[in-house]
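Engineer: Just dropping this structure here.
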Amino acid sequence: MGKRASKLKPEEVEELKQQTYFTEAEIKQWHKGFRKDCPDGKLTLEGFTKIYQQFFPFGDPSKFANFVFNVFDENKDGFISFGEFLQALSVTSRGTVEEKLKWAFRLYDLDNDGFITRDELLDIVDAIYRMVGESVRLPEEENTPEKRVNRIFQVMDKNKDDKLTFDEFLEGSKEDPTIIQALTLCDSGQA
């Protein structure tokens, strides 16, 4: 797409149709909005965080937005291109449960070593609690990030090695539907 975000070429639309769950019309509509918000075709961390602040005005979404930004930014060039944006949106809004869980696993596995440690999960859960602020009432057994992480590890960490593999995460998510429900924070309702 060059330096300036221009109209999508037919081959770009076709490629995005193959890589996402969106139709040609939807891709063009999303691109139009993306170009309006990011005329240079690049969504920065600052811009991404502002979007989260609109959705979570009573908390501080900056830490969580940073974690999500890092997953969206597939090629790690410091910004989100339209293609990266649309592919992540496709998975989080229309992907299968397993695709959403793979995406979430990548989000939680902060150092990309193939495991989610207790500290990594605590970082993410703490960021989520900061983001939602006081707007969400949590049950006593989950009213702190530490309690939530302990509960998740009780359910998921089958071999008790203090780290979660993707298989443990997948199986645990099936046992604890609240994991899936948390993923629908990203869901546009079009799944």
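Every residue, even glycine, has its Cβ placed from backbone N, Cα and C.
Just lifted these from Swiss-Prot, have a look:
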LIPID     Gly2  N-myristoyl glycine
DOMAIN    24-59  domain 'EF-hand 1'
DOMAIN    60-95  domain 'EF-hand 2'
BINDING   Asp73, Asn75, Asp77, Glu84  Ca(2+) 1 binding site
BINDING   Asp109, Asp111, Asp113, Glu120  Ca(2+) 2 binding site
DOMAIN    144-179  domain 'EF-hand 4'
BINDING   Asp157, Asn159, Asp161, Lys163, Glu168  Ca(2+) 3 binding site
Engineer: If you measure from the Cα of Glu120 (Ca(2+) 2 binding site), which of the binding-site residues Asp157, Asn159, Lys163, Glu168 is the nearest?
Structural biologist: Lys163
Engineer: Can you tell me how many other Cβ atoms are located within 10 Å of the Cβ belonging to Lys163 (Ca(2+) 3 binding site)?
Structural biologist: 18
Engineer: Please count the residues of the domain 'EF-hand 1' (24-59) that DSSP assigns to helix (H, G, I), strand (E, B) and coil.
Structural biologist: 25 helix, 1 strand, 10 coil
Engineer: Take the mean position of the Cβ atoms of Asp109, Asp111, Asp113, Glu120, the recorded Ca(2+) 2 site. Which other residues of that chain put their Cβ within 8 Å of it?
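Structural biologist: Close Cβ neighbours, site residues excluded: Tyr108, Leu110, Asn112, Gly114, Phe115, Ile116, Thr117.
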Engineer: Centre the Cβ atoms of Asp73, Asn75, Asp77, Glu84, go out 8 Å, and tell me which other residues of that chain have a Cβ in range of the Ca(2+) 1 site.
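Structural biologist: Counting only non-site residues, the set is Phe72, Glu74, Lys76, Gly78, Phe79, Ile80, Ser81.
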Engineer: Given the recorded Ca(2+) 3 site (Asp157, Asn159, Asp161, Lys163, Glu168), which additional residues of the same chain have their Cβ within 8 Å of the Cβ centre, ordered by sequence?
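Structural biologist: For the Ca(2+) 3 site the neighbour list reads Phe115, Met156, Lys158, Lys160, Asp162, Leu164, Thr165.
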Engineer: May I ask which of the binding-site residues Asp73, Asp77, Glu84, Asp109 is closest to Asp157 (Ca(2+) 3 binding site) if we compare their C-alpha atoms?
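Structural biologist: That would be Asp109, nearest by Cα distance.
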